[in-house]
Amino acid sequence: MSPAAERTPWHWLVVGRTSRSLVLVVVFVALLLDNMLLTVVVPIVPTFLYSTEYEGANTSDAPMQTEPSPPALKAPPFISMFSYFDNTTITILGSTSTVELVNRTESSPTSQPPTTSPPVPSGCPEGEEFLAQENVRVGLLFASKALVQLVVNPTVGLLTNRIGYHIPMFIGFVIMFLSTVMFAFSGTYTWLFIARALQGIGSSFSSVAGLGMLASVYTDDAERGNAMGIALGGLALGVLIGAPFGSLMYEFVGKSSPFLVLAFLALLDGALQLCILQPSKICPESTRGTPVFTLLRDPYILIAAGALCFSNMGVAMLEPTLPIWMMQTMCSPKWQLGMAFLPASISYLIGTNLFGILANKMGRWLCSLIGMAVVGISLLCVPLAKNIYGLIGPNSGLGFAIGMVDSSMMPIMGYLVDLRHTSVYGNVYAIADVAFCMGFAIGPSTGGAIVRAMGFPGLMVIIGVINMAYAPLCWYLRNPPAKEEKMAILSQGCPLQIQSYTAQKTLRDFPLTDDSDVEAENAE
């Protein structure tokens, strides 16, 4: 081939389709946009619902609060003389009934306490009962995405075994784009709920297919751990950008602006998938994967899934409740509601990239154990904050610890399948995503109710203690045994870790072509 032909865009595209690095880029971008949309609504929805649904009550109360204030200032000097000079008080105040004047004098002391409250709640919302109910409603809205994703994930795992990972990835992009546009133009709670649930379907396709694709391309355990850490870095970056980006755009531009920007970025992601993944091709797995129910009976997979669930449940409970708690106790403006999550997002980004490499050296089980313990301690410290600066330390520790757990548990799920089951990864990463979604489903839906019953500090104590109590179970992942046919390796005294970590079949170019199975059989 001539040098000029090698420099053409078509040649670059053909070479790029066989590159594992570009596959990692596609998954990175998909997780980035998914989690930007996940967190961009966190500071927007509570204040948007408050401004739209409580605005009528505020406007109706405003004239009632402004009318009594002028008489309250003038009433005491004249009403003090009321019992002696009836005619003078009546002519000055212009009232025709003395009973009304007495009632105004009796109500004037009670109207004085509000005169001290307006300077304090200059940025604070007024409807305490409305905010208490909003905790539950916002929690259910946030949980709807995870609940739908929880139901769809097993189906996506089976679908990837039958048709491969490319088409489900592209389906996820299409659904995510529709959900983003719906968020931009939804003006009621019902439409926001539907958009959030639709996002759950798209996220299920993108995350299960993306993680399964990485596990199938990076067969070496060390490389897989690094790739998973980079991909989770995309997830972390989405969480990092989402909440501050949403709060700033909502404050200074408008509600629809952040979602329209995300919709444009989603179109670019779709174009990238069309070029790299060729989603029109059906590439089924060459071997039959282990059924989901068989994997769910594996105690080691359940322990790893539980670690993912409970560690992420902490931040899932914070998403709907922390902004409302800040509105009530700190009188925080809109832009601070999203910025409060910035330390957690930055530390999560650092944690996933750092421990994607270190966890393999220090032991992923130990990394997860320490991470869950730190998650519990950080959650216990959140209610101690008196302002937004007091949240920097607890939220930073929370994000860093969750990064430790995620970057350790995701590679462990693939390793357990290699060690104890068939090396087909769609179903096991469907389980991992189900565990992740259970945290984000149970957390917001129950968090609002617990806050209403026990308060925000009580909620943090409950979830913090749960994480610290679950952490010792990660010790069982220290040296999981092989299953059935691989037990012979143990009896020979061979280093099982090396045997299970290396691929037994030849690597094939990605994406798979129609003749790839024939080539693999000839190579064997």
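Glycine too: its Cβ is placed from the backbone N, Cα and C atoms.
According to TrEMBL, the protein carries these features:
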- 111-122: compositional bias 'Pro residues' (COMPBIAS)
- 23-482: domain 'Major facilitator superfamily (MFS) profile' (DOMAIN)
- 103-126: region 'Disordered' (REGION)
- 21-45: transmembrane segment (TRANSMEM)
- 171-194: transmembrane segment (TRANSMEM)
- 200-218: transmembrane segment (TRANSMEM)
- 230-253: transmembrane segment (TRANSMEM)
- 259-279: transmembrane segment (TRANSMEM)
- 300-318: transmembrane segment (TRANSMEM)
- 338-358: transmembrane segment (TRANSMEM)
- 365-385: transmembrane segment (TRANSMEM)
- 397-417: transmembrane segment (TRANSMEM)
- 424-442: transmembrane segment (TRANSMEM)
- 454-477: transmembrane segment (TRANSMEM)
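By the count of Cβ pairs under 8 Å, the stretch nearest in packing to the transmembrane segment (300-318) among 171-194, 338-358, 365-385, 397-417 is 397-417. Packing against the transmembrane segment (424-442) from elsewhere in the chain are residues 142-143, 145-147, 149-150, 153-154, 156-161, 165, 200, 204, 207-209, 211-212, 215-216, 285, 287-292, 295-296, 301, 304-306, 308-313, 316, 409-410, 413-414, 416-417: each is 6 or more residues past its ends and has a CB under 8 Å from a CB in it. Mean pLDDT for the domain 'Major facilitator superfamily (MFS) profile' (23-482) in the predicted structure: 78. By the Cβ criterion (distance under 8 Å, sequence gap of 6 or more), the transmembrane segment (21-45) is not counted as touching the transmembrane segment (397-417), fewer than 3 such pairs being found. Counting only same-chain residues 6+ beyond the ends of the transmembrane segment (230-253), those with a CB under 8 A from a CB of the stretch are 24, 27-44, 47-48, 210-211, 214, 261, 333-342, 344-346, 348-349, 351-353, 356, 399, 403, 406-407, 410. Sequence-distant neighbours of the transmembrane segment (338-358) (same chain, 6+ residues past either end, Cβ-Cβ under 8 Å): 39, 42-43, 225-226, 228-230, 232-233, 235-237, 239-248, 315, 318-319, 322-323, 326, 332, 367, 388, 391-393, 395-404, 406-408. Beyond the ends of the transmembrane segment (454-477), by six or more residues, the same chain brings 299-300, 303-304, 306-307, 310-311, 313-314, 317, 321-322, 325, 364-366, 368-370, 372-373, 375-380, 382-383, 412, 443, 447 to within a C-beta distance below 8 angstroms of the stretch.
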